[in-house]
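First comes the structure, then the notes that go with it.
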Amino acid sequence: GFYLPGLAPVSYCENEKENCKSNIPVYVNRLVSIESIIPYEYSAFDFCEPVGSPSSPTENLGQVLFGERIRPSPYSLKFNENKTCEKACVRKYDTSKKEDFDKLKFLQYGMLFSYENRWIVDNMPIAWCYQTTSNENFCSTGFPIGCYVDEKGNPKDACIIDENYRDHKNSYILFNHVAITIHYNKVSSDEARLVKAELEPSSIKTGDCNLHAEPLVIPHPDKDDKMTGTVEIPYTYSIAFVENTEILWASRWDYILGSLPHTNIQWFSIMNSLVIVLFLSGMVAMVMIRSLHKDIARYNDMESVVIITEKTSDKAMLDTVPDLGTECRFCNTFEEAQEEFGWKLVHGDVFRPPSKAMLLSVLNGVGTQVISMTFITLVFACLGFLSPANRGALGTTSVLVFICLGTVAGYVSARLYKTLGGEKWKTNVITTSFLISGYHWSGFQSLPLGLQTPFFAMGILFIVFVLFFVMNLILWGEKSSAAIPFSTLIAILALWFGISVPLTFIGAYFGYKRRPLEHPVRTNQIPRQIPEQVLYTKPLTCILMGGVLPFGCIFIQLFFILNSIWSHQLYYMFGFLFLVVIILVITCSETTILLCYFHLAAEDYRWWWRSFLTSGFTAVYFFLYAIHYYISKLAIEGFASAILYFGYTLIMTIMIFLFTGTIGFTACYYFVTKIYSVVKVD
């Protein structure tokens, strides 16, 4: 764990005094499952409620957006006060009553899909530590509410911890007792800090906390989906405090983080990515030093030949010209000197504005916004501001930074669009109608160019917002804790229209105030005919190939990120992620530059859209990998969960497409501008 100011330690003592507490509050978070994407609040399963109406901790924007719902619990802890068998509450269900039957059935649903409790004490998860089948100690941040034994006596998930559970076929085993152990490290004679919290769940039919008693079994409903009789569930707990001098407060998360995937796999991912980068760097160096450098030298030497042969017939002067071959040495026109080579032939067309220039400029503007947000957030994460102990900080930072960077999107989009001329922006009607419905507003086409660009930039965010809103409707229908309250949606819209939109307009205003980017060569009025292309230089082939290497750099890291999102694991290796993102940027740039050079050498000057789509196709491979991950790694069931998974995956795909596409376009634009600025062109 890496802590910064704002996460100060709390001291506890037996007798409360100033700056030293005796009562230790226990909080409960949402319940999650690896078999379902839909989380639920603690109260949804009719567990024990706290006495009175204690207030819940204040939640930040990131916690609300990601569905964290931290609530007070009925479990009362006082420092260094052990409890052997404390009763939290007793729940009774009369199965003849529909309300009770529905509550009990939903509890069975939670056990069938392996929903887990997430408890918090002193801003630290209460972990469930157990031995794995490979005899390794694993600590999970959650513990199951129960488990299920099928009709054949096969235990599912947590039911394997006790062989006796196999005897209760087609039944649910509810873990209604928890033994909590709190480890503390003394900082003075009467003050201590909590350094570890763990629990052991048990199923006990009676309320006497006898661990050897029969488990609390809830039978599965019959074929007619009915149950008979009354079910009584006593919820109990025990508390034990243990002094631990080996664990320091600053490293108290290590026993949990140590159970996550080890860093040697991460280093393997980095080395795999570096090998790809070195291979690409060698290819780029070969192109730049051998092919490109020689081409430029020969072009410039030919220019000298043309000038000399046109101005003089002095043989002595001609002898000073480098020997470039008899045919070229005495050529009389510049065009004849060009015929041998490829990429210089298209100098009069290479900066010809592409079709759908408005859409291209908007994609690059919003892509620059996504890139800036990513790096700023990663810098804060690497510095420790966004550690797992600072709940919701990652989501809050990402959203706020993205909103505040609307100026960047507006500026880049507006200036690039101005550079591209913008005469053909009306050809974007069909495409842009999917970006923002406001295009069909009758006054839209009469807007000045400086106003059209931010409207299109907002359209990209509009797509994401619509997807997000649809996902939220599904969560509302499922009564999930991840459903964002209406007030929070209003707040997000206020941030969007009140901050992001004005900043986008401001950025677009300053972008149009600046002069357009200057190109080193003039564009001919008549487009040059593009020769027939071979298979490996055709657009579709290059776009398909372009995303392979960038995806190869990140796919191992993607596994850990997807595990963190969908398997509810902690992710804290932001240093590795930062390195992988840097490698991704380099790989996208080098791949696009290589393919761009091959296209120009084949006298195909249509590089604008191709450069964006070549590296942007990495997002398509990400989506395909997400499908593979869903099929092979996850055990998610239910149509709603599938819709949510692919809906959120589509949002991530859009962000990756914008990120990688903008990187590729920027690298190719710089490369093309650079090579045509160092050759002499009439």
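Every residue number used here counts from 1 along the chain in the order it is shown.
Glycine is treated like the rest: Cβ placed from N, Cα and C.
In TrEMBL this protein carries:
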| type | residues | note |
| --- | --- | --- |
| TRANSMEM | 267-289 | transmembrane segment |
| TRANSMEM | 362-386 | transmembrane segment |
| TRANSMEM | 392-413 | transmembrane segment |
| TRANSMEM | 425-442 | transmembrane segment |
| TRANSMEM | 454-476 | transmembrane segment |
| TRANSMEM | 488-512 | transmembrane segment |
| TRANSMEM | 543-562 | transmembrane segment |
| TRANSMEM | 574-600 | transmembrane segment |
| TRANSMEM | 612-631 | transmembrane segment |
| TRANSMEM | 643-672 | transmembrane segment |
Contacting positions for the transmembrane segment (543-562) when only residues 6+ beyond its ends and CB under 8 Å are counted: 261, 265-266, 268-269, 272-273, 276-277, 280, 536, 571, 573, 576-577, 580, 583-584, 587-588, 591-592, 595, 610, 613-622, 625-626, 629, 633, 660, 664
Ranked first among 362-386, 392-413, 574-600, 643-672 for CB pairs under 8 angstroms with the transmembrane segment (267-289): 574-600
Outside the transmembrane segment (574-600), six or more residues from its ends: residues with CB under 8 Å to it: 263, 266, 269-270, 273-274, 276-277, 280-281, 283-284, 287, 291-292, 342-343, 346, 350, 374-375, 378-379, 381-382, 386, 536-537, 542, 545-546, 549-550, 553-554, 557, 561, 606-607, 610-611, 614-615, 618, 660, 663-668, 671-672
The transmembrane segment (392-413) vs the transmembrane segment (362-386): 3 or more CB pairs under 8 Å: yes
